[in-house]
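Enquirer: So that we are looking at the same thing, I have put the structure below in structure tokens.
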Amino acid sequence: MASAQPGVHALKLQPPSVSLTLRNGSNFIKWDEDLSTVNPVTLHVDPHGFYLYWTDQNKETELLDLTLVKDVRTGRSTKTPKEAKLRELLDIGNLVGRLENRMVTVVTASDLVNVNQLNFIASQEDEAKVMNSGTSDDDDCDDDDDDDDDDDDDDDDGVIVRLFSSDRKRVENALENCKLPYSRGDSIKLEDFTLEIYKSFLDSLCPRPELGNIFKLGGDDGSLSVDQMTEFINNKQRDPRLNEILYPPLRPAQTNTVMERYQHDQAQLKQGVVTLQAFSSYLSSDENGVIPPEKLDQSEDMSFPLSHYFINSSHNTYLTAGQLAGSSSVEMYRQVLLAGCRCVELDVWKGRTAEEEPVITHGFTMTSEIPFKEVIEAIAECAFKTSPFPVILSFENHVDSLKQQAKMAEYCRSIFGDALLIDPLDKYPLESGVPLPSPQELMGKILIKNKKSHKPSNNTDTKRLTDQPASQSNEPVSPSNNTGEIEAESEEDDDDDDDDGKKVSGDGSAEREAVATEEMSTLVNYVQPTKFNSFEASKKAARCYHMSSFVETKALEHLTKSPVEFVEYNKSQLSRIYPKGTRVDSSNFMPQLFWNAGCQLVALNYQTIDLSTQLNLFMFEYNGRGGYRLKPEFMRRPDKHFDPFTENTVDGIVANTLSVKVISGQFVTERRVGVYVEVEMFGLPADTRRKALKTKTSQNNNAINPVWDEEPIVFKKVILPTLASLRIAAFEEGGKFIGHRIIPVSAIRPGYRYIGLRNEKNQSLILPAVFVNIVVKDYVPDTFADVIEALSNPIRYVNLLEQRSKQLAALTLDDVEEDTQAEVSPTETTAERKNDQKSAPLENGLSPPSGPVDVPACAMESLQQSKVYQKEQRRQFKELKELVRRHQKKTSELLREINNKYKKTAQQCSKSSSGSDSEKDERLQQLRDEQQQQLLALRQEQYYSQKYLQREHIKMVKVKPNQVLLEELTLTPVSKNFGSLCLDERF
């Protein structure tokens with residue numbers, strides 16, 4: 001998504017900074033409750049922030065990749081030993097501070113479900129705090145630096161051979177080329193295995209002849225000059241969609257500064273020479289990454305209403321497996337929030353224990369229960385660790401007990417404290433027509449979505465809510481079975497209960513939510529769930545704080561029948577889409593379907609890492625992983641109307657043409673097997689192309705450096721780049737998934753780029769990569785291809801026209817004309833030549849030469865650089881673009897008018913009691929035919945007007961060469977000398 005704030009973004013992303021305390025190491029005690037062991041260790045973080053490692057008293061070192069660390073906890077949220085003997089061993093007298101404040105729990109996870117914990121205890125509380133603040137999940141860390149501070153440790157050759165096990169002989173040759181031990185049983189001292197040696201080893205292991213071929217395209221003698229390198233960066237690597245004022249092309253001096261970071265031989269660089277080594281290092285650097293760093297940073301404008309953002313959302317957050325059986329987990333709320341999710345779901349039911357504590361579970365299933373209070377504590381702990389923007393708690397409240405609902409409200413108030421938004425902001429009262437506040441204004445706040453009762457509690461209301469001890473009943477009490485039920489206005493019912501099919505009682509009927517008590521109702525403000533009636537009713541009410549939830553099937557129905565109205569609804573109100581009840585395996589629908597309609601809360605089952613979840617992970621990886629992505633402008637502005645099923649360009653949006661050429665792969669897999677790559681695109685229905693390209697399988701089971709270099713796949717017309725994503729995935733020849741990367745088309749950088757692959761959980765695979773060449777440009781319809789060619793290269797186009805005319809002349813010239821020309825007498829020819837020599841005076845008043853003058857031919861390059869040509873090109877392109885824009889606007893208005901008129905006529909026919917059904921159908925068909933003719937007439941008119949403008953442009957292109965040649969003539973030495981001769985004759 002493009003930021004709403006134009007201009008250059010000031011990058012806030014910084015490389016990891018490791019404090020001196022962590023680098024030097026601190027004394028901790030590592031304990032394991034399962035083994036009942038306690039070991040004193042010295043805990044370090046390496047200077048680069050790549051890994052955490054600890055050394056015990058026997059000098060044995062263990063290491064942990066920091067990219068696997070999801071959280072570091074201290075205080076009440078840490079895991080404390082339950083066994084009394086273990087607590088006594090840890091709580092020794094010479095340690096300062098409370099035990100829990102000295103605890104440090106390092107949480108690691110390969111996914112959201114499988115979570116592990118490492119437990120340490122510091123000697124002082126301050127050391128625990130330093131550990132908590134200095135160690136965090138850093139996805140940008142690279143862990144390919146094997147340098148270590150311990151000079152006594154050796155690296156066994158077997159480790160390296162296992163790392164690249166696909167070809168042992170190849171690994172040994174690479175070690176030998178780097179003058180490293182390579183025989184069986186040999187070891188390499190870590191002090192000898194420096195970062196430079198490691199890179200040299202990789203270069204030797206994975207030769208790249210295709211890089212040499214690319215390098216030769218820019219230079220002649222095995223090297224590039226700084227000017228040639230500048231031309232390569234500006235012409236091949238620079239995004240042509242960028243504003244040249246805000247993002248000017250590189251100058252040679254800047255290129256020289258850039259290459260200083262990559263060229264080993266600085267003496268050559270001072271002579272203006274860029275080597276292949278520097279060229280290769282530049283291409284593989286972060287500076288040449290496929291995504292601009294500012295897109296990963298928090299760069300989007302966060303001052304628009306909540307309804308103007310896509311919001312990272314979870315469905316049934318507590319579940320770790322399927323929907324019908326399995327464990328519920330408090331930890332899932334922590335992991336989901338740490339992953340950047342901003343909307344979590346809580347299915348709350350009446351507790352059946354003597355304590356009468358509300359619980360969270362999946363009602364009427366065999367899933368386990370977890371305490372409501374513990375979930376609230378986990379949310380309070382992790383809500384704003386990853387993102388400062390507001391968190392929405394989507395309650396499904398089935399608690400039909402006054403006492404337990406009161407407990408729920410009290411827990412929310414006391415545990416969340418000031419973070420809980422109870423009263424609406426003064427600037428945004430809960431009134432019709434008032435927009436929702438922005439994420440910026442709600443930073444650090446928790447919003448609750450729960451049924452809201454709009455009537456004060458009285459004796460009648462309480463009939464639905466029982467106050468009996470929950471232990472008297474063995475089954476959850478269904479609120480729908482109670483008498484005296486009072487509805488809290490018509491908007492109380494949410495679609496959650498109508499179509500989900502997940503909360504079913506014994507007779508198969510859907511379980512409804514309980515009426516909210518006054519205590520719970522007072523906690524609800526900007527996210528009030530209402531039953532959806534119609535888009536017209538919602539627009540008329542204009543209550544932006546009302547939102548509706550739609551099961552995916554119902555949402556698809558609305559999207560199919562009323563796509564434009566659905567987009568309009570989502571401009572001002574929130575909509576939540578959740579999976580249908582038959583997805584008992586916790587599978588997911590494709591979120592792209594509903595992003596296309598502007599739906600904000602597209603809730604997915606986070607525990608299932610399928611393609612849908614992967615798209616969601618990549619979508620919210622950008623904008624600082626803040627969980628909010630700004631929707632495209634036409635999905636926010638009230639004066640814009642958008643149809644997600646459009647196949648035409650969108651008003652105000654420039655469509656793109658994208659070309660992707662898969663050149664080669666590097667360390668694609670450690671197995672000795674053939675590999676191939678697939679390229680596909682997700683976006684609007686017209687933009688989506690599944691498996692658009694599949695390369696051939698690599699030869700000779702080569703997975704270290706396979707080369708494909710096949711014809712590029714071209715996505716001719718990407719209508720909406722801001723909602724389109726490119727997916728590049730690698731597979732083994734048997735179809736086994738290796739890794740992939742999903743990249744937004746609007747942010748993708750063109751040129752020669754490395755696509756670092758990630759696993760299905762969006763974790764970097766470090767070495768596996770695909771080398772591609774990407775070309776991106778503004779889309780030009782085939783109708784205007786000739787015009788664009790004429791504008792971009794007018795001389796070539798005019799020459800082509802002249803050549804075609806001459807070719808046609810041979811077929812169309814009359815014999816009579818040829819005979820007439822042959823009968824012309826020599827005297828007539830001589831007379832004509834004499835008359836031709838008496839030409840009109842020049843504009844400067846000078847007479848032309850009396851004899852023929854040799855005029856040097858102008859080079860094509862000089863004509864192309866002429867200001868006259870360039871100015872004419874810009875003018876014609878702007879004029880044509882404006883005409884197309886006006887035509888698109890007029891067509892959209894006519895389509896809207898046609899649609900409204902047809903709907904109105906259809907409604908009149910359905911309400912009318914006179915006339916048969918066949919007469920009504922005939923009337924509608926007649927109206928449809930008239931409208932089609934009307935639309936066809938407009939399209940024809942627009943077509944001919946564009947053709948006429950094209951012809952006028954081409955005429956102007958034919959005239960311009962004469963003007964430029966005249967300018968060139970007045971500047972040549974011949975014309976200057978001739979002018980002086982004429983002056984001499986006159987005076």
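Including glycine, each Cβ sits where the backbone N, Cα and C put it.
Predicted automatically and left uncurated, TrEMBL annotations should be read as such.
Keep in mind the model is a prediction, meaning the values are calculated, not measured.
Below are the features I grabbed from TrEMBL:
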type	residues	note
ACT_SITE	His315	active site
ACT_SITE	His362	active site
BINDING	Asn316, Glu345, Asp347, Glu396	Ca(2+) binding site
COILED	870-897	coiled coil
COMPBIAS	136-158	compositional bias 'Acidic residues'
COMPBIAS	468-484	compositional bias 'Polar residues'
COMPBIAS	486-499	compositional bias 'Acidic residues'
COMPBIAS	500-515	compositional bias 'Basic and acidic residues'
COMPBIAS	917-926	compositional bias 'Basic and acidic residues'
DOMAIN	520-636	domain 'PI-PLC Y-box'
REGION	129-158	region 'Disordered'
REGION	449-518	region 'Disordered'
REGION	817-856	region 'Disordered'
REGION	905-926	region 'Disordered'
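Map the listed features onto the structure and describe their local environment.
Expert: The C-beta environment of His315 (active site), restricted to residues of the same chain at least 6 apart in sequence and closer than 8 Å, consists of Glu345, Tyr578, Pro579, Ala603, Leu604, Asn605, Tyr606.
His362 (active site): 23 other CB atoms within 10 A of its CB, across all protein chains.
Residue density at Glu345 (Ca(2+) binding site): 24 other Cβ atoms are found within 10 A of its Cβ, drawing on all protein chains shown.
Restricting the average to the coiled coil (870-897) gives a pLDDT of 82.
In terms of DSSP helix, strand and coil, the compositional bias 'Basic and acidic residues' (917-926) has 10 helix, 0 strand, 0 coil.
Beyond its flanks by at least six residues, the region 'Disordered' (905-926) meets no residue of its own chain at a Cβ-Cβ distance under 8 Å.
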Enquirer: Give the residue counts of the domain 'PI-PLC Y-box' (520-636) per reduced DSSP state, in the order helix, strand, coil.
Expert: 45 helix, 20 strand, 52 coil
Enquirer: When you average the Cβ positions of Asn316, Glu345, Asp347, Glu396 for the Ca(2+) site, which other residues in that chain have a Cβ within 8 Å of that mean position?
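Expert: Not counting the recorded site residues, we get His315, Thr317, Tyr318, Leu346, Ile360, His362, Ser394.
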Enquirer: Per DSSP, Asp347 (Ca(2+) binding site) is which: helix, strand or coil?
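Expert: The residue in question, Asp347 (Ca(2+) binding site), is strand (DSSP, three-state).
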Enquirer: What kind of secondary structure is His315 (active site) part of, going by DSSP in three states?
Expert: coil
Enquirer: I'd like to know which of the binding-site residues Asp347, Glu396 has the most other Cβ atoms within 10 Å of its Cβ.
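Expert: Of the binding-site residues Asp347, Glu396, the highest Cβ count within 10 Å belongs to Glu396.
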Enquirer: Looking only at C-alpha atoms, tell me how far His362 (active site) is from Asn316 (Ca(2+) binding site), rounded to the nearest Å.
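Expert: Distance (Cα to Cα, whole Å): 8 Å.
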